[in-house]
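Asker: Sharing a structure with you now.
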Amino acid sequence: MAIDVNKFESMQIGLASPAKIREWSYGEVKKPETINYRTLKAERDGLFDERIFGPIKDYECACGKYKRIRYKGIVCDRCGVEVTSSKVRRERMGHIELAAPVTHIWYFKGIPSRMGLILDMSPRSLEEIIYFASYVVINPGNTPLEKKQLITEAEYRQYQDQYGTDTFDAKMGAEAIKELLAEVDLEKQAKELKNELKDATGQKRTRAVRRLDIVEAFIQSGNKPEWMVMDVVPVIPPDLRPMVQLEGGRFATSDLNDLYRRVINRNNRLKRLLDLNAPGIIVQNEKRMLQEAVDALIDNGRRGRPVSGPGNRPLKSLSHLLKGKQGRFRQNLLGKRVDYSGRSVIDVGPFLKMNQMGLPRQMAVELFKPFIYNRLIELGTENGGANNLRSARCLVERHEDVVQDVLEEVVKEHPVLLNRAPTLHRLGIQAFEPVLVSGKAMRLHPLVTTAYNADFDGDQMAIHVPLSDEAQAEARLLMLAASHILAPKDGKPIVAPSQDMTIGNYYLTTEEAGIKGEGMIFSSADEVKMALQNHEVELHTRIGIAASSFDKAKPFTDHQRARIMVTTVGKVIFNEILPDDFPYINEPKSENFNGIDDRFFLDPGTDIVGWFKNESLNGPFKSGFLSDIIAQIYARYQVTRTSVLLDDMKDLGYDISTRSGLTVAMSDVTELPEKGEVLKEAHEKVAKITKQFRRGLLTDDERYIQVTQTWSDAQDKIKSMLIASFDSKNPIFMMSDSGARGNISNFVQLAGMRGLMAAPNGKVIELPVTANFREGLSVLEMFISTHGARKGMTDTALKTANSGYLTRRLVDVAQEVIVREEDCGTDRGLDVSAIMDGNEVIEPLYDRILGRYAMKPVIDPKTGEVIAKKNQMIDEHVADQIIDAGIQTVTIRSIFTCRTEHGVCVKCYGRNMATGDIVEVGEAVGTVAAQSIGEPGTQLTMRTFHTGGVALSEDITQGLPRVQEIFEARNPKGRAEISEVTGKVTSIEENPADRTKTVTIEGETDTREYVLPISARLRVAEGDEIHRSEAINEGPLDPKELIKVSSTLKTENYMLAEVQKVYRMQGVGIADKHVEVMVRQMLRKVRVMDPGQTDLLPGELLDIADFRRANAKTILSGQTAATSRPVLLGITKASLETNSFLSAASFQETTRVLTDAAIRGKNDPLVGLKENVIIGKVIPAGTGVAEYRHIKDEVVAAPVEPLEKIPTLDELQKAFDKEPASSTGNKASNSAK
């Protein structure tokens, strides 16, 4: 039963009726037996019966009368087994006919209880009926009893005696519930509930809305309420609940078999009791046990104690197979293990080019096996190859020489994918061309380590081989490492020289005064290199070189070209790796990128040695400047030239750092003679502070602050003394100054003092570590040092887990956001200006407008000239002009105002940060946004800081907790009150008794009072004007409150600014658009306030797009439209409220999502990525976008060239003989067919 998943448009789920379950089934399972312990064959009518589920061996019936494929489809007359493939045992279902109906625990136990809502009964009453504790009146007849009234056993008997046995009808158990459900008139109930809603309020209204929701769901889905009670239980295929023999003759079996066995045993016993006309109480007890057995099968542990197996371990039921990280969704559908993959330790490969990786031969043989076999067969025996698959296999197993030759051929230009877990962003998987290496470790290019966050201390990486031609083409065109130069989060280069490469280039471009060969003048770069080889000059020597000797394309002015340029030997060598028409880089300044300064050019005949004596030295090129050069090259010359430059920079860096012979020794850590003096002063000051405290002049908090401040000042003093005494040739200084490794504080700890340490609770210990590592620490100092360090380690571990979970939730909520069209045609934009925090600029305007489209023309206020037209992309040049013109606010196209459904349009998104080009239709921008926000999560702090000073012990939540608070739309800590009216602050009263203060605001129509804690810092004073939605006191706003009193756009803008504050404070840059995508996803739902004449329900939560559609339909037919208000959902809630039940079920609360979806008969439109991955369909992003899928079909259907001659029978026969061997390689098998 092969289904082509790429053919269907959507997937629907619903309640299965008993008839449907019987239709699925291939037979009834009547016995609890599994397999016979002697013959090891499946028992007849048992849980593994071959007659029901199909043969255990391929094309062979149970008794062995029919064997081989030629009997396919025949049902054996002896054993009744159909001769077919054993794969059917993965798809054929059976069923159990129950002797008494049982309820489905999902619909009775879920919150809210679906049965309870339909029947208008409490879950407790339902439980009493279902588990045979009480009777329920089904038909009161002419007695004073009421329908659905609960009566106890004793009352039932009493009423029977009182009114007679046939006057009323009361039952217990699931059959009673089934009868009640079957009697429900949904249409009538819906009508009554709608009338009730007109005047109901409070709790009553809430319950009515809930009930109406469920009733409408049943009406629209066509599900019948009585289907929530089962007469038949489906039995899943046996290969999904296998039983395998272990060594030693014991069997391991799936828990489900035990659970099914309990159901069958109890069901059979109940049948027997009913046949025997057993007493009611015994039958009741058996029915209750059957109900409990089915409950345990569906969801063990949901009610009462879970059924446990050996060793008191709870058995895994059907629900558990779907739930959680080990469930079907997350373990087998969203993440599968694949063939043609491997993993190994990685090692550095400095000899590789940017797009290469070193693949160990041993791994390559294993990974490329099908291609090797195919090539060996193509070669044929006459060329040392093979004739068929078997002999090809032998050649490979015997490690024949020909295999290595073929391997070289096969691997050539066949890209492979490398992945390092955790894959935090799209650069966690990149494509490389394999280069065969010896050994067992894969070799990785040193420059891609940043993107992978890899190092060579034992990290492992996974490798995958793309098999099809399309997959190889995509890997080559879209995923080659050489084209991944920019980070998707901020568009800055992520590939930059580090460590040895940085220090090499730093050393190369260092200048020294008065060394060998200073002032020599050369006619060309070659001459300079020759002089260096002959030891006439050194790398750092300042020299002159004829500007005319450089390439014509070098952007020198004519005046400069006729003169002598002063530079150093190293800089001449460095500039050789830059493109010919790129300015000569002589000093580490960004102005140099537009051309070299005239001061570096001297007229021929000038006394160059004398000129050098008066000229100060230029700084060497540090890590940051090297990154700037890469960014410039990328902007001007695109990918290919940049990757060439990177490789050259890497080779040059390694070469020079090796030649420089930089080492670190104890003698490089200089001692500071003045240190003792500084410490003495500090000790005296601390003694003075302690004295004042003892006299009662200071509080303990003040004393603590002053003491820690004293030691902090002492450390700063030592630090500045150290920096002053530094020798610029000191290797440790060079390492930190160049940005290769370490920073100044490391040096201070080596040569100065370690300073103050933090305790595990984050508080600073007031006893400082006065020693440094050169002197060595005392026992107490050592203890103080390690005390806080331990906290650092545990924090990091916790942070990683928290950050990973945040990323998972972000990805889930945004995975359906894909660039779906060119232009959505919106008429709204977003006014952006620099994000400020007080007077501090958090994110400048330049960063916010770069790579976005202008919504309105941007006009220079001074000249009136148009800098950017409407819908024009703002690139670096335009952005510079806007900033230079002094413009403070620009209206841009924003994702917040984009009207594209399930995604965004190109114009509202703008530039793709990872490529620097305009985003393409099909780009999965939601996932990229989620990863961009989640990836730096581990760099954020975990702590809640105390602000300085004693008076303000107000906690500020920062770092990861603050980001979570914003995205989960939680009530923020220490939040500010928001004014709900525009008016004047008339009074501020303090009430010391209850430690509050009351702020009164008088608006035009009403007066509001706000009670705040006494410690709150107010933003307003008496007599101030205040606008609606402004904060009354300091602190973060609650976005859920803000959205009630201001516009959606204002709320979105506030959340964007808050997220940016957290990341930018920690020095992490993230493009606005990523945050915009997330915030928009949190605000895509509205709640219906008044449904008007639409089919919507009051209080219903639905997508803005669906709401607009419903209204448009109503307005067109001249009826009253519905009204709604926007709802802000946290990312977890938003993920679960998605239109795709597959995506929601695979995220969290699997059973709840599926219960709800089944009742509503939900249809999953398969618009997001996750739901398509789950069903194995090509995802609707990238080359899987519908538009591109059709193009592919046209290409395939290109006219076929006529065959030159029709093949003879012999030729065909030969082709078929070869076929099994070549079926692994595409070309050969296609031609054979």
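Even glycines carry a Cβ here, placed using N, Cα and C.
I grabbed these lines from Swiss-Prot:
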type: BINDING; residues: CYS61, CYS63, CYS76, CYS79; note: Zn(2+) 1 binding site
type: BINDING; residues: ASP455, ASP457, ASP459; note: Mg(2+) binding site
type: BINDING; residues: CYS824, CYS898, CYS905, CYS908; note: Zn(2+) 2 binding site
type: COMPBIAS; residues: 1211-1220; note: compositional bias 'Basic and acidic residues'
type: REGION; residues: 1211-1233; note: region 'Disordered'
type: COMPBIAS; residues: 1221-1233; note: compositional bias 'Polar residues'
Asker: Fewest other CB within 10 angstroms, which one of the binding-site residues CYS63, CYS79, CYS898?
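Answerer: Across CYS63, CYS79, CYS898, these binding-site residues, the one with fewest Cβ atoms within 10 Å is CYS63.
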Asker: Using C-alpha atoms, which one of the binding-site residues CYS61, CYS63, CYS79, ASP455, ASP457 comes nearest to CYS824 (Zn(2+) 2 binding site)?
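Answerer: If we rank CYS61, CYS63, CYS79, ASP455, ASP457 by Cα distance to CYS824 (Zn(2+) 2 binding site), first place goes to ASP455.
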Asker: Let me know the most crowded of the binding-site residues, choosing from ASP455, ASP457, ASP459 and counting other Cβ atoms within 10 Å.
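Answerer: It comes out as ASP459.
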Asker: Tell me, how many other CB atoms lie within 10 A of the CB of CYS61 (Zn(2+) 1 binding site), whichever protein chain they belong to?
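Answerer: I count 24 other Cβ atoms within 10 Å of it.
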Asker: Show which residues of the chain containing CYS905 (Zn(2+) 2 binding site), separated from it by at least 6 in sequence, have their CB under 8 Å from its CB.
Answerer: VAL819, ARG820, GLU821, GLU822, ASP823, CYS824, CYS898
Asker: Determine, using Cα-Cα distances only, which of these binding-site residues is closest to CYS76 (Zn(2+) 1 binding site): ASP455, ASP457, ASP459, CYS908.
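Answerer: For CYS76 (Zn(2+) 1 binding site), the spatially nearest of the binding-site residues is ASP459.
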Asker: For the binding-site residues listed here, CYS76, CYS824, CYS908, which shows the highest count of neighbouring CB atoms within 10 A?
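Answerer: Result for the most crowded candidate: CYS908.
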Asker: To the nearest Å, how far is the Cα of ASP457 (Mg(2+) binding site) from the Cα of CYS908 (Zn(2+) 2 binding site)?
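Answerer: Given the Cα positions, ASP457 (Mg(2+) binding site) is 44 Å from CYS908 (Zn(2+) 2 binding site).
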Asker: Fill in the CA-CA distance, ASP459 (Mg(2+) binding site) to CYS79 (Zn(2+) 1 binding site), as an integer in Å.
Answerer: 57
Asker: Nearest to CYS908 (Zn(2+) 2 binding site) in three-dimensional space, by Cα, is which of the binding-site residues CYS61, CYS63, ASP455?
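Answerer: Minimum Cα distance from CYS908 (Zn(2+) 2 binding site) across CYS61, CYS63, ASP455 lands on ASP455.
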Asker: Nearest to ASP455 (Mg(2+) binding site) in three-dimensional space, by Cα, is which of the binding-site residues CYS61, CYS63, CYS79?
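Answerer: Closest recorded candidate to ASP455 (Mg(2+) binding site) by Cα: CYS61.
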Asker: Give me the sequence-ordered set of same-chain residues, not including ASP455, ASP457, ASP459, with a C-beta within 8 angstroms of the centroid of the Mg(2+) site's C-beta atoms.
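Answerer: Same chain, not in ASP455, ASP457, ASP459, Cβ within 8 Å: ILE346, ALA454, PHE456, GLY458.
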Asker: Around the Zn(2+) 1 site formed by CYS61, CYS63, CYS76, CYS79, which additional residues qualify by having Cβ within 8 Å of the site's Cβ center?
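Answerer: Neighbours found: GLU50, ALA62, GLY64, LYS65, TYR66, ASP77, ARG78, GLY80, VAL81.
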Asker: Relative to the mean position of the Cβ atoms of CYS824, CYS898, CYS905, CYS908, the recorded Zn(2+) 2 site, which additional same-chain residues have Cβ within 8 Å?
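Answerer: Close Cβ neighbours, site residues excluded: GLU821, ASP823, THR826, ARG893, ILE895, THR897, ARG899, THR900, VAL904, VAL906, LYS907, TYR909.
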